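One structure below.
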Amino acid sequence: MRGILYFCTLILLEGMAEAVSSSRDCLQAGESCTNDPICSSKFRTLRQCIAGNGANKLGPDAKNQCRSTVTALLSSQLYGCKCKRGMKKEKHCLSVYWSIHHTLMEGMNVLESSPYEPFIRGFDYVRLASITAGSENEVTQVNRCLDAAKACNVDEMCQRLRTEYVSFCIRRLARADTCNRSKCHKALRKFFDRVPPEYTHELLFCPCEDTACAERRRQTIVPACSYESKEKPNCLAPLDSCRENYVCRSRYAEFQFNCQPSLQTASGCRRDSYAACLLAYTGIIGSPITPNYIDNSTSSIAPWCTCNASGNRQEECESFLHLFTDNVCLQNAIQAFGNGTYLNAATAPSISPTTQMYKQERNANRAAATLSENIFEHLQPTKVAGEERLLRGSTRLSSETSSPAAPCHQAASLLQLWLPPTLAVLSHFMM
C-alpha cells in the first residue's frame with residue numbers, strides 16, 4: 001500500500017511540475033526580445049551595463065540608467081523566463097537569464113529563485129516504489145551500493161555513460177602523472193544530466209554500514225581525478241571560478257535554492273523537497289565546486305577546499321563550505337534516501353540544529369528581505385518618475401507578454417496552496 005501511494009504521489013507531482021514549467025524558456029524569450037525593437041534596444045543596454053562586471057565601476061548617472069533599463073525589462077518577456085537542465089544551448093539560455101538576474105541578485109549569497117524550471121525528471125516509478133515499499137530493516141539488510149552498480153550495468157545508457165566518464169577520469173595524460181580533469185568533469189556532467197535519477201541517486205546516495213560499501217560509494221565519481229588534488233585550495237578560488245561560468249553558476253544557484261536549510265520546516269529544507277535537493281546536488285558534480293564524501297567512515301560531504309587564509313572574505317568562504325558540511329537539508333535528504341522516505345519530506349529532521357544552521361537561517365531571511373526590497377524599490381511610483389519615458393516605451397511589451405505568463409503564475413500559486421495538504425493526507429495513509 002505504501003509503495004502504491006508513493007507511486008501515485010510521484011505521477012501527481014510530475015504532472016503538476018510539467019504544468020507549471022510550461023512557461024517560456026529564456027531562449028524563446030531572447031528571440032522574442034530580439035525581434036522587438038524596444039526590448040532589443042534595452043537588452044543591448046543591459047548587456048553593456050554588466051559587461052566584464054562593469055556595473056561596479058559605473059558612475060551615478062550610468063548606474064541610474066542601468067537601473068532604469070532593468071526596471072523596464074521587468075515587464076518584458078525576459079523576466080521570469082527559465083532554462084532546462086541539460087537542454088541544447090543550455091549555456092546560451094542561461095546567459096539570457098543571468099543578464100537580468102545578475103543585476104538583481106548582485107551581492108546576494110542566498111538566491112530566492114533557480115535558473116531552472118521546477119521539473120521532476122522521469123523517474124522509474126515501479127522501481128522507486130519497490131525500493132521504498134519495504135521497512136527500513138529490509139532496505140538496509142542488502143548492499144544497495146553493489147545493487148546500484150549492477151542495475152546500472154544492465155541499463156544500456158547508464159552503463160555506456162558510466163564507462164565513458166570512468167575512462168576519461170582514469171586516463172593519464174602523456175608524460176604526466178595527472179588526468180585531464182576538464183574532460184573528466186565534462187563526462188561526469190553528461191552522465192548525471194542524461195541518466196535517470198533512479199540510477200544516479202542509487203550510485204551516489206546508497207546507504208552503507210561498512211567501510212567497503214562506503215568506499216565504493218566514495219569512488220563513484222573517480223575522486224582521484226574529479227575531486228582531489230595534491231593540496232586543498234582556498235574555497236574562494238573554485239567558488240569564483242564557478243561564478244564566472246554560466247552553467248556552474250546556475251547549478252550552484254539551483255543547489256542553494258533547493259537545498260536551502262531551514263529550522264522552520266519539519267524536513268529541515270526550506271523548500272520541503274528532498275528529491276529536488278538531491279537532484280540539485282548531482283547538478284554540481286563535474287563543476288569547479290564538485291563535492292564528494294570526505295572519507296569511507298562517515299556520510300560527511302564537502303568540496304575539496306579549505307577556508308584557511310580567506311582574509312576579509314572569511315565569512316563568505318565559511319558560508320559556502322557550510323552549505324555542504326553543516327546543511328541539515330542535504331544531510332536529511334541523503335539519510336531519507338537511504339531509508340526509502342526521501343519522497344516524503346514531511347518527516348522530522350534526524351540531525352540536531354547547530355549554531356551554524358541558526359546563522360544560515362538568519363542570513364537566508366536577511367537576504368530574502370534585502371532582495372525583495374532591491375527589486376521592488378525600482379517599481380515604486382515615487383522613485384521612477386524620471387524613468388516614465390522608459391516605462392512608457394515598454395507598455396507594448398507588458399501588454400503582449402504579461403498575460404500569457406499569468407496562467408503559469410496562477411498555476412504555481414494554486415500548486416503552493418494545494419500541494420501541502422495533499423501530501424499531508426497521503427503521508428497520513430503511509431504511516
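A Cβ is built for glycine as well, from the same backbone N, Cα and C atoms used for every other residue.
A coil conformation is recorded for Asn180 (N-linked glycosylation site) in the three-state DSSP classification, outside any helix or strand. Under the heading N-linked glycosylation site, Swiss-Prot lists Asn180 (among others).
Look at Swiss-Prot and you will find Asn296 (among others) tagged as N-linked glycosylation site, backed by sequence analysis. If you draw a 10 Å sphere around the CB of Asn296 (N-linked glycosylation site), it holds 16 other CB atoms from the protein chains shown.
Around the Cβ of Asn308 (N-linked glycosylation site), the same chain contributes Asn234, each under 8 angstroms and 6 or more positions distant in sequence. For Asn308 (among others), the entry in Swiss-Prot reads N-linked glycosylation site.
Under the three-state DSSP scheme, Asn339 (N-linked glycosylation site) falls in the coil class. What Swiss-Prot lists as N-linked glycosylation site is Asn339 (among others).
The feature GPI-anchor amidated serine is assigned by Swiss-Prot to Ser403, with sequence analysis given as support.
Summarising the annotation, Swiss-Prot assigns signal peptide to 1-19 and lists sequence analysis as the type of evidence.
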- Item | Same chain, 6+ residues apart, C-beta under 8 Å of the C-beta of Asn180 (N-linked glycosylation site), given in sequence order | Phe168, Arg171, Leu173
- Query: Within 10 angstroms of the C-beta of Asn339 (N-linked glycosylation site), what count of other C-beta atoms is obtained when all protein chains are considered?
  - Reply: 16
